[in-house]
Each structure stands twice: as C-alpha cells, then as structure tokens.
Amino acid sequence: MSDKTNDDKTLSVNPKKTLTLKRPGVEQSTVRQNFSHGRTKAVVVETKKRKFSRPDEKPEVEAAAAPKPAAPAAAPQQAPASAPVSASAAQASAPQPAPVKAPATKAPAAPSAPVTKPHVAQQRPVHQRPGGQQAQRPRPADRSGMVLNTLSRSEMDARRRALEEAQIREVEERARAVEEAKRRAEEDARRAKEHEESARRQAEEEARLKAEAEARRKAEEEAAKRMPQPEARSERRDDARPAPYGARPQQAGRPQGGRPQPAGRPQQGSPRPAPIIADAAPIAGKPLPQSQLRKPGQSDDDDDRRSGAARRGVAAKPEVRAPKVVKGEDDRRRGKLTLTSNLEEEGRSRSLSAMRRRQEKFKRSQMQETREKISREVTIPETITLQELAQRMAERSVDIIKYLMKQGQMMKPGDVIDADTAQLIAEEFGHTVKRVAESDVEEGIFDVADNESAMVSRPPVVTIMGHVDHGKTSLLDAIRHANVVSGEAGGITQHIGAYQVVQNGQKITFIDTPGHAAFTAMRARGAQATDIAILVVAADDSVMPQTIESINHAKAAGVPIIVAINKIDKPAADPQKVRTALLQHEVFVESMGGEVLDVEVSAKNKINLDKLLDAVLLQAEMLDLKADPDRTAEGVVIEAQLDRGRGSVATVLIQKGTLHPGDILVAGSEWGRVRALVNDRGEHVKEAGPAMPVEILGLQGTPQAGDRFAVVANEAKAREIAEYRQRLARDKAVARQSGARGSLEQMMNQLQVSGTKEFPLVIKGDVQGSIEAITNALDKLGTDEVRARIVHSGAGGITESDVSLAEASNAAIIGFNVRANKQARDSAEQQGIEIRYYNIIYDLIDDVKAAMSGLLSPERRETFLGNAEILEVFNITKVGKVAGCRVTEGKVERGAGVRLIRDNVVIHEGKLKTLKRFKDEVAEVPSGQECGMAFENYDDIRAGDVIEAFRVEHVSRTL
C-alpha cells in the first residue's frame, strides 16, 4: 500500500519487517566474520552509551525481551549490505541481557574506523531509495546468519563483581588524590616558610657582616690616625681594601613554573658584591675557607686554575653553587657532619657561650690577669686512677699526665696509682691530702667505749667442753630439765646449742659444742664469747686426748676452767684419778692446792647439779661481768644455717647492747635487717639484752660460725662493710691458692713441720666393741711416713654433726653396720664428704690400707743397661754434635736415660735424642757394635767420654 504526498514522495511499509521500538542509547552494526573452508557468519554488534550515575545508585534493569526498533534512514549506524532481513529480525527479537554499568572510560557513540580484522569486508553505509526500500546485495546461497549466545548468570555475576571492584578502586584513587593534594599543599607551605626563614637569617648575617666591616673600617681609620704614613701608601691601601667577606647576594627564591635561580648568582636589583682581592687578609672573627687558603709553593696560576681564586688586583667571581636545602628549626640539629659540609665557606658559627668565653679570655690576656689557684682537700684511698684523682683535684688529667711525663713516667688517665704517688701529685698541684684506707669503713663499729654509769651486771656465758661421750650434752640436758639428747639422731649433738637457765634468780647462758673443732674455729676468728669453761671429764675414763685439747683451747682463750667430774654413779668411777691426771696438764684443783673449782656430778642421776651452778655463779661474781644495755648491739655468731622455710637463720650471742627487730646489722661478710628474734624456747621476743642467745631471721646470706656482728646506722653502711669483707675474703683465698703452690723451700719446711702424713677418719659403728677393734687394727697400720688418725669414733648412726666434723677435719667417714640419715647424706653430698659402709672388718682394713698406701711416695728403681765409649765427635748441620760410639758393655736403648762420665765424674744426666746405626734409626744397639748418639739439649761431648745407659722405674709402695 502506498500514498502520494504533495511533494511526490511515497510512503511505504515493508511487509517483511516487524515494527519495533528503538532502544535508547544503543547503536547497532553488523560485522561478517569469515572462517575456513569459505564459511561466514554475520554478527550484530551493539554499541551502548554509558550512563553516568552516583556510586550509591543502583543500575536500572531494562526489559530483557524488548523488541529492537528498526534503524531509521537518518541513523548514523552502519550495517553491511549483505545482512539479510531475517537475520536482523531474529537478532532484534532475541532477548537482551540487562545492561550493567561500564567502567569509568567513556565509549564512543559510533565506530569511526573500519574493522581491521583479516578477511572481513569493509562496512558501507546504507543508502535509502526514494521508495523507502533499503538496497541490499544478493546473499550467497551457502551463507546463513547466526545469533550470538546470551551470557549465563555466573558470567553476569563475575562481570558485575568486576565492575563493583572497579568502582571501589575509583573511590579509593579519588581519596588518595585528595590526600596527595593536601600533602602537596602542606609541603608547599612548609617550603615557603623555610624560604622565609632562610631569607631572614641571610639578611641578619649580611647585617652582621656589614656591621663588622664598618667597625673594622673605623678601627683602621683610628689606627691610621695614630700611625701617620705616606699618602701614596695610604691611598694604595685604601684601593686594595677588600670588600666584606661573606657579602653574598641573597639566595633566589623558587619561582613557580620556571627553573630555580642558582643560589650563588645575584638577583636582579640587588647590589653586586665588591671585588675581592686575593691577597687581602681575612676578616677578623671569620677565617677564610680552606678552598681559598694558599698552600706553600702554590702560584697565582694554580690558584686561578684549581681553586678559582681571583688574581691580584682582579675582582673574583662569586662561586656558583647548587641550591642548598635549608633545614627548618626542628631539623637544624639533625644531619650528618662531614668534612665537606664543615669546610664550606658558610661554616658553623660559634655559639654564644663560646664567644663569651673568648671575649673573657681576651680581656684577661689584655689585663694580664692570672686565675687564682684553689687549694682543696683531696681524699686519697689506697689505690686511685689518674682520672679520678684529677676530678677530685678539679684539675685536667692532661696536666697530670704532663707532670708525670716530666718525671719520666708514661701513663694514661685510666692507669691506677698508689696512695704515695697520688699524694705527691696532689701536693705538687697545691692541694692538701687526706689519706684513707678501705679498712676505715669498719671504724666506729666495734669496740665502742661504753658508758660506765649505765653498766649493769650481765649473765655469765659458759661453754661446756670435754672428750666425746663424756656426757657434755647429758649434763646440759640435766641442767635444762629438757630431753635434748633424745631429740638428736643417735644421741649425738648435731649443732652448737646456746641455752639460758635460771639459778637462784640469776641467768646463766650455756653453749654446747659437738667437739673441739668448732671451738677452735671460734678461737681462731678472735671470738671471745666465753666467760667460763666447764671441763667435763668422765670419772671412769679419766683424761683423754680431746680433754687435753680442750684444756689447751681454754688456756689459749684465757678462760677460767671449772672441772665437772661426771659419771660418779658408775662402779668404776675414780674422781681422785681424774684430779691426779689433770696435774700433768697444769690444771690444779682446789682439793690439790690450786685455784680451779671442781665438782663431782652425775648427769644421769642429777647429782650435785646445784653445786655446779653455784660454782659458776661464784666464778662469775669473781669476774664481775658487766655490760651497757643502752648502746648499739654487738655480739658473735654461734652457728648459722639455711632453713628451708625461714631462710638464713643465725644463732647469735649478744655481748653488748640490746638488739631489737628492725635493726640493720653486719655479720661477717653478710648483712641484713632483723625480721624476728627467737629465744632458745622458740618464743618470739621484742628485744635481746647482753649475754642472751637468740636466733636472728632476715640476713641476706649465711655467716660463718664465730663471725662478729654489729648494728649499723643504715643499709648503705652495712652494704659497704659487707662488700669490703667479701672482697677481702676473695683476696685471701687467691693468696692462699697462690701460696699453696709455693716454692721448694716452703714445701720442705712444711714437710719438716708436719712430719708424718696423717689419714683422718671418722668411724661410727653399731657397738662399742666393734669400734675398739677397728681402732686397734688401724693403729697397727701406721708407719713412720703415714698413719691413721681417728678424729671421732662412736656407736650409733652417722649424723649431720659427724659430717660437719669430717668437713672441718678433712676426714672420710666409715660406717660399720650403720647407715647415715637423710640429713647427713644431703650434707655429705653438698660438702663433698665420702661415706663408706662396711659389714666385714677385713674389707674395711684392706680399703684403709690401700688408701694409706696412696699417701706413700712411689719408690724409684734404676736398672743399669750398658756403657758406650765415644770414639769421635761429628758436627752435623741442623742436628748438632753426634757422638760416634762403640758399646763396650750391655746394650743401649733409644729413649733411655744416660749419664755422661768424664774422668769418672758424672757431668750430665739426660735422655738420648737419637740412636742410629749406619744412618738407620734403631731401637737398641748390643755390645760390640758401633752407633751414633745425640743428647737432648746438650752438646758438650768429647772423644774418650763414657756414656752410661739406664732405665728408671717408679714402683708404688704398700704398707
């Protein structure tokens, strides 16, 4: 159907094409793809226009099955001429996927260039005919149109995720761009501020230099007025006067959009610097840089060529430098200090303090003032370093070293000098000296004078001494009315006990000792803790070796003795025999015409215990024992141990003053604050007066038995004293170890004094009869060189006191049918004491015999091998002298001992170095054969000498 219009245009409708609506924002074009074997395919290409939206908006979803509108005649899209109508219709009716937002790149509205794929025909525009029909090329019969497959849901999701990630990245990039712009703005502001500060400082520097130049000019004018000179010379000097140094042009700023102007180039409008004369003197107060200093022998040409300095009379060009980064106020003190930066022209200026010191020094030099010498009192210890001495004298260590160099001693500030040298140096420098010693820290601690008006009577301190098993602890148990023995393992005293009893309203302090070893240690440390010694002697056993030792210890300590004759209840008791035996050791009892009190007692039946206590009080009254309870406490350590629950526990005896909880005391090389005071009954007390034994808790370490203690003012003093004593103990230990090696003379003297070697033993058995048998057998093993010494023997198990006694005597412990308790085993393992157990007496005797044999020096046996006569002596290079010998008797072995005999006199004894026969090293040479011999480290051999060969063997000796 067709109609005609007035302008003769025909309106027509194509019956083969469906009327569709045009999708907005979509342009179509068809591309034909060629494949192998002549196959082709038409592909419809849609170009979508991107719709910009905000990030928070959701994409609009178009209808999937919307019909595609027909392309109008005026549309700019392109389609191939051979595209069939059916294909276009099918493509238009196909469902379209929902549009998704494209990336931020804007797509072109229509392709402006042809497709460049190979074998693809050039696209041509579609021309409309007057009748409205589109001109189409005839389609080949074997070609058919195909429609592209739609995207699956997973592909759509992947594409959507990619686009969302791209949007997120876009937002992040936009934020980063904003931050970068902000940072750049701040950096520009900072640089502008730095530039302003640099310009201000440069202006101040120029003003200062200008003022200095003006002042110098005025000074020169004044000097010229005072010293008249010829006019021509004055004019010449005025012409040659250099411009102020450092009057450089101002540093150019950083222009925007242009290249920065060099710092050394003068700006426009600024005054040019005056010419600088090369030979002009540098400005006072600011020396020339090193680059402008002329070296010896350097000419003007070298200056012009190398350093760029101006020739004489010619203005020097200012040096062009690279723009320098100016640091801000915060960065001024940061940066690396190098030689280049330090030697630049604009060097580091002096500080205000340095300028002030320089001005004061200049004024003093002008006025010729001398600084007064301040005399100080210098405290000089036993040793001091030069640096510390200089600090105490307020002198420079360099001056002290110079003085020592003049005296011929090359020393360093860290060298240590003695007190005499330090005193000479201090007096030479005009100071007074106060000599002190390290031991001065202990001054004022002990032996402080007591207040006689405050002296009161104190209880006596009594020590019970005597032989083992004579009843010392049983006697003390009977006096205390407490069963102490039953609480001890095996009935043997394990520790030193200190107790206090009351008799007739008066207190008596008793100290029980397990043997003489502990009392010896206390006496050796100077502990005069005992006022009265009770010598316990068994009436049935009389005087024994340890009884004699106890008598000697008491006499050495200057302690009065009271003899207690114990066990008088036994049938075999003979007290008179005891008194007679004591006469041999200069102990004269009253019944024998002496002054020593004696009391017959029985600890088991508690007989005459009151008489013994009365004798003690009588002796104490004769001694008139007094003490000052109001002064600081002093005393002695009776025993000390490390308790698992309470820490370091020390049993002490207060001798002077009163001890309170909270006091700070020093005991030997240990110190601490008293946390608690416990008496002998286990009760906590508030104070401990003179002659009162207490346990102290709170020490930092465990002191030694016999150490003296004293209360000090503060912890610093206590720590100083403890450190000094620890250092002194270390020095003594080192000296003891170095002296133990000693010289041969000391070793011979020690052998001469000690005499025979002793093998100390502590023997414990099940019954007394076994112990006596073992003791008798060991006594028979002794010789003139070695013998067994029984330190202690007794019936019962091995206790901790036995281990302590063995440790003090360096003895071994032997147990016969007995065992050690756990405390004794732990103590022995800790102290390294060996404990051996035996059940057969013969095994015990054999082991002791073998151990004692080890103390015997081995026997040296010498076996004669043979003689050789030297026939001729050869001097061989790199070997020395070699003796050509003939063996005349026996044989000669390599490595054997030899003696060189000349005129029947032995002149050398040594070993053979080589033994050869016909240039071959041999082990031995028999009699009648010739050989060559060389000695070790000896060459004085002559023809006719006789060489005697022998073998030495060391044979161990047995008892």
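Glycine residues also receive a Cβ, built from the backbone N, Cα and C atoms like all the rest.
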- Message: If I go by Swiss-Prot, the feature region 'G3' sits on one of 512-515, 628-631, 736-739. Which?
- Response: 512-515
- Query: For the record in Swiss-Prot, which of the ranges 506-509, 566-569, 658-661 is the region 'G4' one?
  - Reply: 566-569
- Query: Given 411-415, 491-495, 916-920, which one carries Swiss-Prot's region 'G2' label?
  - Reply: 491-495
- Per DSSP, how many helix, strand and coil residues does the compositional bias 'Basic and acidic residues' (154-225) have? 72 helix, 0 strand, 0 coil
